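Enquirer: Right, I'll just put the structure down here and ask away after.
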Amino acid sequence: MTPVKHLQLTLAIMKPHVVSSPFSLHDIRRTILDNGFYVVRSKRQTIKLEQAEQFYREHKTKFFYNRLITFMTSGPSEAYILAREDAISVWRRLMGPTKVFQCQLSNPDSIRAKHGLTDTRNATHGSDSDESVRKEVSIMVPQFCFDHWKQTEEPMFRNGRVQFNDKQFLHSAHES
C-alpha cells in the first residue's frame, strides 16, 4: 500500500482584469479543478494599498512597482488557497512564465498565455515556495490558520471527504 502524501498548499491570485472578465475567470477556475486542486479558501476582495505594498515589498525598487501596486488595487481580485500534492510546482507550471509575450511563444496553452495582457496584467499570481505561501496567505487571507488546516482539515481533504460548492468556488471538508 502506497503511503498517502500530504497535500501542499499554495496561494493563487486572480488579478483584477481576470475577475472583471467572466470568460477568463471561468476558464481559469475550470483549469484549477481539472488539475485536481482543492479550493481550501476563496476570497474576493479589492486589495488595499497597504496589503499590496506589503505583498510586493521585494519589488519596491523596481521600475514596475508603482504600476503593479496601482493595478492590483484597481478592482476586485480573487485569492484562492489551493491544495494538492505538489501544489506549488503544478500551479506555477499551469500559469506559465511571468512575461506574457514570451509565454505566448513558449507555453501557448498556459493561463498567462491565454489570459495575460502585459507583464503586469499577467492574469495570475502563484507562490514560489512554502515560505512564500505562509507569508502571502498572512497578507491576503489573514484569518487562515495553517495549524488548524494541517490537523483538522487536511486529513479529510486528503481522504476525499469534501464537497464542492460551485457558487462559492470552494471545497469544504465533511465528517461522513
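Note that Cβ sites are derived from N, Cα and C of the backbone, with glycine treated the same way.
Feature annotation from TrEMBL assigns domain 'Nucleoside diphosphate kinase-like' to 7-147. Residues annotated as ATP binding site in TrEMBL: K15, F64, R92, T98, R112, N122. Residues or ranges marked as active site, pros-phosphohistidine intermediate in TrEMBL: H125.
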Enquirer: Out of T98, N122, which has the highest number of nearby Cβ atoms, where nearby means within 10 Å of its Cβ, if these are the binding-site residues?
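Expert: That would be N122, with the most Cβ atoms nearby.
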Enquirer: Out of K15, R92, R112, H125, which has the highest number of nearby Cβ atoms, where nearby means within 10 Å of its Cβ, if these are the recorded positions?
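Expert: Its Cβ has the most other Cβ atoms within 10 Å: K15.
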Enquirer: Could you state the CA-to-CA distance between the residue listed as 'active site, pros-phosphohistidine intermediate' and R92 (ATP binding site) to the nearest Å?
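Expert: Each residue's Cα considered, the residue listed as 'active site, pros-phosphohistidine intermediate' and R92 (ATP binding site) end up 9 Å apart.
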Enquirer: Please work out the number of neighbouring Cβ atoms within 10 Å of the Cβ of F64 (ATP binding site), leaving out its own Cβ.
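Expert: So the Cβ neighbour count for F64 (ATP binding site) comes to 13.
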Enquirer: Give the maximum pairwise CA distance in Å, whole number, for the residues K15, F64, R92, T98, R112, N122 listed as binding ATP.
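Expert: Overall maximum Cα spacing for these binding residues reaches 21 Å.
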Enquirer: Would you mind giving the whole-number mean pLDDT across the domain 'Nucleoside diphosphate kinase-like' (7-147)?
Expert: 97
